[in-house]
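Before any comments, here is the structure.
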Amino acid sequence: MDLSELERDNTGRCRLSSPVPAVCLKEPCVLGVDEAGRGPVLGPMVYAICYCPLSRLADLEALKVADSKTLTENERERLFAKMEEDGDFVGWALDVLSPNLISTSMLGRVKYNLNSLSHDTAAGLIQYALDQNVNVTQVFVDTVGMPETYQARLQQRFPGIEVTVKAKADSLFPVVSAASIFAKVARDKAVKNWQFVENLQDLDSDYGSGYPNDPKTKAWLRKHVDPVFGFPQFVRFSWSTAQAILEKEAEDVTWEDSEAEEDPERPGKITSYFSQGPQTCRPQAPHRYFQERGLEAASSL
């Protein structure tokens, strides 16, 4: 699995896919949808689809695919490689959603919660398979939220396809199990090879499981929070665990247009972090925050 596109830019969304098997353009196909990394505070969330002809579903089952959470890393890698070898009848596609995309969506002026993002991503991947002329006739999806509501929504969007949404579909339907393996393998690789664009001092790569209740993950977050700019883009800053650390470790800000009177006990002003007089030397490079937004130092305010 080539994640070089994600490694070049891990700030948004990245879609990867296999070639479409020729047989999937002709014969009726079954398609499964699942995700990996919905809950962690670190790293991306990955949605995946896997599809194959109904006539070859028994061959997929013969691989003994299972819910990726029940498999070891070596077992997932082995099954992934085997399904890649069977590319004459097995196809897949996935969307990698960066932590930055997830958090900015959730905290935007128009709220876009994780369930809606998940539903739309799954529907987008199904539509992608159809756009590639895969002859999809059946879809099985591991639910997010109420399965009845989710199924009705997908059925309305894809009226010509038989849609089934179930809890724990990754352990009930082999094609969903296969999708879960593709998603999990991709997420593990993305996390392991994450390209930190921030200039972090003494970067610690041992951040535990990445889940919010992991003490090692919490310690990593506390170590790598900047008092002004917050967390690296590896962190989902919309998660309550990250927000709690920000409130405790980062600086509060009083904006210049605040109507409140000056109070020595109040938080410092954001301008206190910038030079107040002529600079005799310039820093080697501005922070990435300014580079991304095309901002330059002003000589006067």
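Start at 1 and count along the chain as shown; that gives each residue its number.
Placed from the backbone N, Cα and C atoms, the Cβ positions cover glycine too.
TrEMBL has this to say about the protein:
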- D34, E35, D142: divalent metal cation binding site (BINDING)
- 250-264: compositional bias 'Acidic residues' (COMPBIAS)
- 272-282: compositional bias 'Polar residues' (COMPBIAS)
- 28-251: domain 'RNase H type-2' (DOMAIN)
- 250-284: region 'Disordered' (REGION)
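Features as recorded by TrEMBL, highlighted on the structure.
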{"residue": "D34", "record": "divalent metal cation binding site", "Cβ neighbours (10 Å)": "28"}
{"residue": "E35", "record": "divalent metal cation binding site", "Cβ neighbours (10 Å)": "24"}
{"residue": "D142", "record": "divalent metal cation binding site", "Cβ neighbours (10 Å)": "26"}
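When pLDDT values are averaged over the domain 'RNase H type-2' (28-251), the model yields 93. Cβ atoms within 8 Å of the centroid of the Cβ atoms of D34, E35, D142 (the divalent metal cation site) belong to the same-chain residues V33, A36, Y47, A48, A122, V141, V144, A169, D170, V176, A179, S180, A183, site residues excluded.
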